[in-house]
Amino acid sequence: MPPRLLLTSGEPAGIGPDLCVLLSRRPFPCGITVLGDPDLLESRARLLGVPIELRRVVSGDVVPPHEPGVLHVLPTRRQPGTAPGKLDPANAAYVLETIADGARACLAGHYDALVTAPVQKSVINEAGIAFTGHTEFIAGITGGSPVMMLAAEGFRVALATTHLPLAEVSRAITVERLTGVLGVLHEDLVRRFGFSRPRILVCGLNPHAGEGGHLGGEEITVIEPVLARLRQDGMDLTGPLPADTLFLPHNLDRADAVLAMYHDQGLPVLKYAGFSRAVNITLGLPIIRTSVDHGTALDRAGTGQIDTGSLEEAVRVAMEMATGRPAESP
């Protein structure tokens, strides 16, 4: 049976509904069900001038491989009157309901992977609902130890810390955290991506990886001891390496993944290499979850002036993870 993917439609005022509609024009060798408001999707399709046939389904319905012009929809109702580019805190509950329903449906085995469209964190918080992001919200439902990894143009970058102020990163790099993150990264590269013994390059925290302790001591006190212990367990780990040279081609050619210590250490390089096709992947969950690596682009909602490459790649990677074998790019 082809993989069964569930796609959330994201913030209704943003480009999430547009992405779902535009995705309907492409064939995919998997079943794709969109979780969202059918009226919203039909309205956005008319605005974009995209002919579309919506077929309503219930959770767990087997849908055929994705065919152009057809969108299978698992209905969830939003507040009426949503307009492209116009945020409304009243829709926060709808947005979170689609994510929660999607996570639960995958956890129940109705779908093989969850693919998420972008949401607007600020408007959810304005509605009085504390929300830091998809990753933490989904993990609160499914359990697990989430690790953020992005992939683009043939290489993968995972993060030891995610959305932290730079002043707090050093304190967050602990033996416990680093051991846990590397364990999740190694396990999911084996379990989800089919590597028998993944090769992981590990960044240092400080310039020049600490320069032997002259530019910071975290490499000596935390990173090196963790790597030494995990190598004894059979992991193929190289580092800590200076981030300014780690990302050179001759290093990446011998790596299956890179672990960066903080957000802006690793992600700018990856996004430069392939921003329009970068994919956000959450490791360490009992379900598969991929996402686009861009925001809601409120100014482009309803215009048709958007790039679907990141969503198409998120679908491809979800298929790859669900089947354990490479999926061709759409």
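In case you wondered, yes, glycine gets a Cβ from its N, Cα and C as well.
Quick look at what Swiss-Prot annotates:
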- His134, Thr135, Lys271, Asn280, Arg289: substrate binding site (BINDING)
- His163, His208, His263: divalent metal cation binding site (BINDING)
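A gap of 22 Å separates the Cα atoms of His208 (divalent metal cation binding site) and Lys271 (substrate binding site). According to DSSP, Lys271 (substrate binding site) is assigned to a helical segment. Ranking the binding-site residues His134, His163, His263, Lys271 by C-beta neighbours within 10 Å puts His134 at the top. In the three-state DSSP classification, His263 (divalent metal cation binding site) falls within a helix. For the binding-site residues given as His208, Arg289, the lowest number of other CB atoms within 10 Å of the residue's CB is seen at His208. On its own chain, Thr135 (substrate binding site) has Pro146, Met148, Thr162, Thr282 as residues at least 6 apart in sequence with a Cβ closer than 8 Å to its own Cβ. Around Asn280 (substrate binding site), the C-beta neighbours below 8 angstroms that are at least 6 residues distant in the chain are Met148, Met149, Leu150, Thr290, Ser291, Val292, Asp293, Ala314. Rounded to a whole number, the C-alpha distance linking Lys271 (substrate binding site) with His263 (divalent metal cation binding site) is 12 angstrom. Here the Cα atom of His263 (divalent metal cation binding site) is found 16 Å from that of His134 (substrate binding site).
If you compare every pair of Cα atoms in His134, Thr135, Lys271, Asn280, Arg289, the residues listed for substrate, the longest distance is 20 angstrom.
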